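Report on one structure; see the data block that follows.
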Amino acid sequence: VGFKAGVKDYKLTYYTPDYETKDTDILAAFRVTPQPGVPPEEAGAAVAAESSTGTWTTVWTDGLTSLDRYKGRCYHIEPVPGEESQFIAYVAYPLDLFEEGSVTNMFTSIVGNVFGFKALRALRLEDLRIPPAYTKTFWGPPHGIQVERDKLNKYGRPLLGCTIKPKLGLSAKNYGRAVYECLRGGLDFTKDDENVNSQPFMRWRDRFLFCAEAIFKAQAETGEIKGHYLNATAGTCEEMMKRAVFARELGVPIIMHDYLTGGFTANTSLAHYCRDNGLLLHIHRAMHAVIDRQKNHGMHFRVLAKALRMSGGDHIHAGTVVGKLEGERDITLGFVDLLRDDFVEKDRSRGIFFTQDWVSLAGVLPVASGGIHVWHMPALTEIFGDDSVLQFGGGTLGHPWGNAPGAVANRVALEACVQARNEGRDLAREGNEIIEEASKWSPELAAACAIWKKIKFEFEPVDTI
């Protein structure tokens, strides 16, 4: 019989406004900026086609399968308020398009090719709805929030961390000394910076050994369980696993991975190893702003956060709302809830386009890090709540008396804020008062308050692109 060759409009096949989404569909919300003259329906359908079964022309092998069963469908289009040339295209993908348990395959399909499409000026993936049928094919976080608290025996407050600075250039022994001083002063965790791997000035094995010594010494002296995020990120998966195995042999509680630069395949392998071997896994989001900072093109961080919860990690950096790195309060709390909670309702005011049911997938602790110090403690305690890690790098190591007093100042400030909150005080209104009261009996906190009182990072965002 032959077939009708030639180029055809995508919207004839892939724009289906009458489609009723299934419980098993993966749903995507794209912010689409089409080229002038391209109608919204055609642009939305093009996104659905190019990220599923479509190609630019009709091919005879289309007749050998059921396109209706496997194609993505653009089922709804809505304008973006305040933007003339933009709209949100909602696309539904049948579950059979995706390999089970593979974030790599999911992203290769949904965002792998379509972002370079000529008919679009810009394209941004704003949100994904992951159905329970797909969620259940992932292991998710190695342990989750409750198991982590049980391992650490720490309840009822946020956890405290510190990134060791300067991030590059210290010898392993001096690095270990800084770790010991911070943990001894009262922090729960210290952290390798994301770009500390295995450089000529400090090879990974030396760092692991000195940090392990620091952890066990601080534990013995304080009676608290301590940890240091040993960065296992490496140039090959085999080398990464070798570092994870060595960390486990040392008996440390937690390791770390840069999940975007390391890649989802490596991250999922590492998360599986951590679950099998009792290691917690801290995740750094290095490179995220390359993908998520532009509001018209790329991918929103809430999508990367969902992907991490599926791939596996017990902590992930999530912005601060109050520090030096960008993060709008409602939007940030939207993806913080997506990391921690089992069920999150659709709420467009917080950027959540779909109701997300994680069924029994464990939660991830959000990490607030970047330009924060003791005066931020009341706001951070109120915004992030107990299930979070508050991480002060310069805010610990920049203390005028040294690392250990810097750690003491942070711990005293945190305990004061938690106690005040538990007594029913309003942290938002009385925050400075609470810190000032605590500083009267903690000289370390008083010194920290004096040095950082005037520091603020409240710049207006300059990006309007």
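Even glycines carry a Cβ here, placed using N, Cα and C.
As recorded in Swiss-Prot, the features of this protein are as follows:
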- K165: active site, proton acceptor (ACT_SITE)
- H284: active site, proton acceptor (ACT_SITE)
- N113, T163, K167, R285, H317, S369: substrate binding site (BINDING)
- K191, D193, E194: Mg(2+) binding site (BINDING)
- K4: N6,N6,N6-trimethyllysine (MOD_RES)
- K191: N6-carboxylysine (MOD_RES)
- K324: site 'Transition state stabilizer' (SITE)
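Annotated pair T163 (substrate binding site) and K191 (Mg(2+) binding site), C-alpha to C-alpha distance, rounded: 5 Å.
Residues K191, D193, E194 make up the record's Mg(2+) site, and a Cβ search at 8 Å around their centroid adds T163, I164, K167, D192, N195, V196, Y229, N231, M256, H284 from the same chain.
The Cα of R285 (substrate binding site) lies closest to that of E194, out of the recorded positions K165, K191, D193, E194. Taking the Cα atom of each, H284 (active site, proton acceptor) and H317 (substrate binding site) are about 6 angstrom apart. Recorded residues D193 (Mg(2+) binding site) and H317 (substrate binding site) have their alpha carbons 12 Å apart, per Cα-Cα distance. The DSSP secondary structure for D193 (Mg(2+) binding site) is coil. Same-chain residues at least 6 positions away in sequence with a Cβ under 8 Å from that of E194 (Mg(2+) binding site) are, in sequence order, N231, T233, D258, T261, H284, A286. Ranking the binding-site residues N113, K191 by the number of CB atoms within 10 A of their own CB puts K191 at the top. Across the structure, N113 (substrate binding site) and K191 (Mg(2+) binding site) are spaced 36 Å apart at their Cα atoms.
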